[in-house]
């Protein structure tokens with residue numbers, strides 16, 4: 001038992017690393033599909049990843065040395081189902097008519113191994129039925145394939161790392177694991193009765209997706225800036241090829257970059273009716289105050305304020321503060337410089353306060369959006385099945401309240 005606990009502890013130790021690698025693709029997929037990250041749905045999915053990792057570690061750990069594996073002379077595989085129980089029955093001279101024989105058989109190492117194999121894929125059956133909505137036949141097939149993957153991993157000596165298998169390929173394990181997945185499928189209602197259905201989870205996700213959380217905007221901005229960098233590099237490459245003298249004019253690069261930002265976020269976004277690459281991918285759209293296509297000047301002004309004033313505001317504040325240190329104390333210039341430094345610091349503080357409010361769930365638009373009469377909306381559409389499920393739930397609740 002201590003060996004199993006050590007392996008499970010190793011899985012819990014490795015899980016945060018795997019979860020970190022998985023998180024960014026998962027967040028992008030969830031925002032693209034549903035427009036939101038429901039906590040319960042994420043907890044179920046991450047628990048499934050932890051379960052798969054634990055089951056895999058139980059199959060391969062602890063890892064022996066290559067020398068000890070090379071010296072092994074035991075059998076590599078067993079193709080006789082139930083051979084462990086049969087061997088225990090025969091070697092201990094048990095009788096079908098003796099109740100003590102069944103008790104000894106139940107507490108035998110062979111029976112413990114069977115129970116362990118059944119329990120190992122029992123959660124898989126629960127996950128497949130509850131979360132992935134698999135039918136019984138598909139659940140049994142996937143349970144068998146997962147068990148076969150584990151057994152082939154053992155038979156291959158951990159994919160050829162070891163000179164021979166260090167654990168037995170046993171057809172009994174295949175049957176036990178598959179039975180465990182099937183049993184988990186049957187027992188799912190017992191273990192998941194207190195959880196909302198998958199349809200309800202999807203409905204909640206789509207409902208949350210009608211809002212625009214801060215992280216969704218950030219991921220859209222990251223995608224946009226990747227596209228913008230490609231756009232800028234293409235312009236610079238073509239420009240220097242056509243006009244080689246531009247290679248000597250390094251001072252032009254910031255100007256070209258600023259113009260690229262205005263062209264991409266201003267003209268292109270207006271031309272595409274409020275969409276950019278990032279917004280289109282994550283189902284977002286820039287609209288005017290009435291929800292229509294934004295004006296060209298509004299698109300340009302919004303992102304000129306954001307990237308030219310709001311985000312660099314702390315840099316401007318520090319620059320003016322640094323410049324004030326070189327001026328004579330008491331002069332009018334130092335007062336004006338200090339005022340500008342405080343003004344830009346205030347702009348940065350307002351933006352930070354708005355961002356904190358966004359993280360806490362506020363739906364208010366940023367100040368630069370209010371100035372330009374623009375806002376970002378979600379274009380996620382609730383599918384028909386989710387809308388039908390929502391209407392059924394509301395009808396049932398209304399009927400219950402009337403009764």
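Including glycine, each Cβ sits where the backbone N, Cα and C put it.
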Legend entry - Candidate ranges 218-235, 236-253, 362-379 [criterion: TrEMBL lists as transmembrane segment]: 218-235
Legend entry - Matching range for TrEMBL feature annotation, transmembrane segment, among 255-275, 381-401: 255-275
Inset, instruction - Looking at the candidate ranges 179-197, 198-216, report the one that TrEMBL labels transmembrane segment. - result: 179-197
Legend entry - Cβ contacts the transmembrane segment (114-132)/the transmembrane segment (296-318), at least three under 8 Å, sequence gap 6 or more: no
Legend entry - Within-chain partners of the transmembrane segment (179-197) [C-beta distance under 8 Å, separation at least 6 from its ends]: 40, 44, 117-126, 128-130, 134, 136, 139-140, 142-144, 146-147, 204
Legend entry - Chain residues in Cβ proximity to the transmembrane segment (296-318) (below 8 Å; excluding those fewer than six residues from its ends, i.e. six or more beyond): 258, 261-262, 265-267, 269-270, 286, 288, 340-342, 344-345, 347-348, 351, 366, 368-369, 371-374
Legend entry - Chain residues outside the transmembrane segment (139-159) and at least six past its termini with a C-beta under 8 angstroms from it: 55-56, 59-60, 63, 69, 76-77, 121, 124-125, 128-129, 165-170, 173-174, 177-178, 180-182, 184-185
Legend entry - Tertiary contacts of the transmembrane segment (338-360), as residues 6+ beyond its ends and Cβ separation under 8 Å: 213-214, 309-311, 313-314, 316-318, 320-321, 324, 366-367
